[in-house]
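Asker: Quick one: this structure, given as structure tokens, is what I'll be asking you about.
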Amino acid sequence: MSENTRKVTVAVIGSGNIGTDLMIKVIRHSEVLQMGAMVGIDPDSDGLARARRLGVPTTSDGVQGLLQLPNFDEIDVIFDATSAKAHEANAALLEPLGKRLIDLTPAALGPFVVPAVNLDEHRDAANVNMVTCGGQATIPIVAAVSRVTPVAYAEIVASIASKSAGPGTRANIDEFTETTSHAIETVGGARRGKAIIILNPADPPLIMRDTVLCLISAPDPATHDAIRDSIQTMVDHVATYVPGYRLKQQVQITPVPDGQPVRTLLASGDAATPTHQVSVFLEVEGAAHYLPAYAGNLDIMTSAAVRYAESVADTIAAPTAAQGATR
């Protein structure tokens, strides 16, 4: 963003863990975004209390309260960190008013965005969906494999600390699996995808860990080397906006044992005969801006959402900059 371009003003709906972490990231770390409002429904929530202390306009009356704020017209982008059902109602109110929505729920009303894979594909969309924490962590790996060879089936298992799962996450478990599975196919490129989430009750809490399994039909070692290189490049890319994202161990590519009924996992009508399984083990440590370091699942969502908002900031702010140049 140039020096003459104004900062893009954002609002956050949802004053829980994700919403509060978004606010902290915008205030402390973004050079192109600025907070315009924090919206909640619990006047005693920690998120609203922190926002007030930081001088951010607040309302505990939900989206209706946001509409009544004196600076509502100045807000360009709205992050929705509520729930899938709540987002449907919020979008119905806000989209007609010309606000850009970044949806951090599994509602998936708009196109999926995973910054490391398709950051520039939906820059003009009125409402984009950030998939899920498991999707943000694992879909880049599926895409990295797909760029080298077709993926007949991809399965991801996201294990997160139970303490990091708030009411919104717990209420959306079914939507999590459905949305992530769909995005594994549409963004990751797998012909069939499956997602599993595990809430790990261990105490002290463990950081987010993800397993990605891909079935491929590629027996040659050269392709295997290319897959490993593609995955490492992708991990490095994601780590530019989620520094705690890393491989837990080396990528494993193993032959599918004879007689293994892997074809039962494939999409209906898929004639592929998988020869190898690619196994990738990841961990995601949070940046601890607001959330504990073990909550990498929440940190990767907020980091991805901010990354997308910053990527479209020039487009949103450009008209004002152009007007200023003509004065």
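Going from the start of the chain as shown, residues are counted 1 onward.
Here the Cβ of each residue, glycine as well, is placed from N, Cα and C on the backbone.
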Asker: Suppose a student reads Swiss-Prot and sees Ser15, Gly16, Asn17, Ile18, Ser164, Ala165, Gly166, Pro167, Gly168, Thr169, Arg170, Ala171, Asn172 listed for NAD(+). Which of Asn90, Asn297 should they find annotated at that same site?
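Answerer: When Swiss-Prot describes the NAD(+) site, the candidate it includes is Asn297.
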Asker: How many Å separate the Cα atoms of Asn17 (NAD(+) binding site) and Cys133 (active site, acyl-thioester intermediate)?
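Answerer: Cα of Asn17 (NAD(+) binding site) to Cα of Cys133 (active site, acyl-thioester intermediate) measures 13 Å after rounding.
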Asker: I'd like to know which of the binding-site residues Ser15, Asn17, Ser164, Asn172 has the most other Cβ atoms within 10 Å of its Cβ.
Answerer: Ser15
Asker: In which DSSP state, out of helix, strand and coil, do we find Asn172 (NAD(+) binding site)?
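Answerer: In three-state terms, Asn172 (NAD(+) binding site) counts as coil.
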Asker: If you pair up every Cα among Ser15, Gly16, Asn17, Ile18, Ser164, Ala165, Gly166, Pro167, Gly168, Thr169, Arg170, Ala171, Asn172, Asn297, the residues annotated as binding NAD(+), what's the maximum separation in angstrom, rounded to an integer?
Answerer: 17
Asker: What does DSSP say about Cys133 (active site, acyl-thioester intermediate): helix, strand or coil?
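Answerer: DSSP call for Cys133 (active site, acyl-thioester intermediate): helix.
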Asker: Quick one: Cα separation, Arg170 (NAD(+) binding site) versus Cys133 (active site, acyl-thioester intermediate), in Å?
Answerer: 13
